Amino acid sequence: MQYLISSLIFLIPSLGMVAGLSVAATVTIFLLMLFLRGINRHCERLKGAWQSHKAGLLRLLRQNLQFFLAMTIKTELLFTAWCFISCLFAIRPINSLATFIQVFILLFLGFTVSNCVPFGNRVQLKNSLILGILTAILLFFIEYSSHGFLTRTFKASFGLYMLDRGCALLSITSWVAIIILLSSGKRRHALMLYILVLYLLSISDSLASFLGFSIGGVIFILARLIKPIFFKLIAISLITGSLLFPVIAKQIEPRDLSEKYLATQPSAAHRLFIWHFVANKITLKPILGYGFASSKYIKVNNSEMINYNGEKWHPLPLHPHNNILQITLELGIIGLILFLCLVYKYLKQINNIKSSNFRAASYSCFINYYIIGMISYNIWQIWWISSGIWVLVLMKLLVKPDIVVDN
């Protein structure tokens, strides 16, 4: 079991670089292995055959469920309940309910695993993670310099954008490696890793990952320098900015802004049109929204299609490419308030960490993930949720046990 866990810790970031969607499968397998490990350890404490094992399994599940309810009744459970309720009035209730089940089973599994017994032989697992990250970096440069040598083995063509998911995964996973190096006294190596990943992201096609990782670096420094006021500063900034974003998106003139500042960035220009369109849709159902995971089912008339520089763009291709707008569009103001309550809660938990480096790296990773979600990806995409859970589990079971922290 230990060998398989070590192999997966190496494989997830490295394979994820060239096949980003694989994270959904590899992280799920990783979580299931840890979950089964927890069950086996619990059952080993019990004597007897099948009945004892059965009783142990049921007892473990009951304990995890009770702990889950006790810890989340004020925030997570309320948000989950509202997501479920919104499925009932969604544009396609069955599809929304199916997505809801997938998402929250994965989240529950991740929560359960993250509260299990820490990894054994953590030095080996830490080395596997760092080696996996370095392999991911190497694979990126191979693909970048050879115009997709590995990708073209399986696909007819290659575009640098095909590595965007891998870059996003690398950007958030690197913070785990950075805190591992810092906690081992290897500050120079941690700085070198940050600079290397930052350079990689700067030449990649993933602007969201580059912005998230670079701002994460600034956050790391600020969290170390102004610890007494940093929590209030970051909490007020994030929550206020998130509340104002739908208002700002409605007020902007995407065509004027695109022609002035984004003439050579069609992808960024398209996002401005998407955000403006979504903000206008939000005003039609501001309180309840359109229902969980309903973005891709909202009908668009031909008159609403965007004509820009001879190209015809869809104003809402699958999702809003912004987590705050997607939450508000699908779950309404009620969902947005509950979501921001979760954001505040997690920031508060990070602030309770006593280790300066661990606290700063946790802030950086959280902001990195948040910023990527504000520019790219569907908030309910399984591979993206899996990426966040993957980092959470590593932080709690691989990094935290070797650092004295609170919460």
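Cβ atoms here come from the backbone N, Cα and C positions, even for glycine.
As recorded in Swiss-Prot, the features of this protein are as follows:
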- 15-35: transmembrane segment (TRANSMEM)
- 71-91: transmembrane segment (TRANSMEM)
- 100-120: transmembrane segment (TRANSMEM)
- 129-149: transmembrane segment (TRANSMEM)
- 166-186: transmembrane segment (TRANSMEM)
- 203-223: transmembrane segment (TRANSMEM)
- 229-249: transmembrane segment (TRANSMEM)
- 272-292: transmembrane segment (TRANSMEM)
- 324-344: transmembrane segment (TRANSMEM)
- 379-399: transmembrane segment (TRANSMEM)
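Sequence-distant contacts of the transmembrane segment (166-186) (same chain, at least 6 residues past either end, Cβ-Cβ under 8 Å): 12-13, 16-20, 23, 126, 129-130, 133, 136-137, 139-140, 193-194, 197, 200-201, 204-206, 208-210, 212-213, 216, 355, 357-358, 361-362, 364-365, 368-369, 372, 376-377, 384, 387-388, 390-391, 394-395, 398-399, 402-403. Across 15-35, 71-91, 272-292, stretch 272-292 shows the highest tally of CB pairs under 8 A with the transmembrane segment (229-249). The transmembrane segment (324-344) makes no contact with the transmembrane segment (129-149): fewer than 3 of their CB pairs lie within 8 A, with pairs spaced 6 or more apart in sequence. In terms of C-beta pairs under 8 Å, the stretch of 71-91, 129-149, 272-292 lying closest in packing to the transmembrane segment (15-35) is 129-149. By the Cβ criterion (distance under 8 Å, sequence gap of 6 or more), the transmembrane segment (71-91) is counted as touching the transmembrane segment (272-292), at least 3 such pairs being found.
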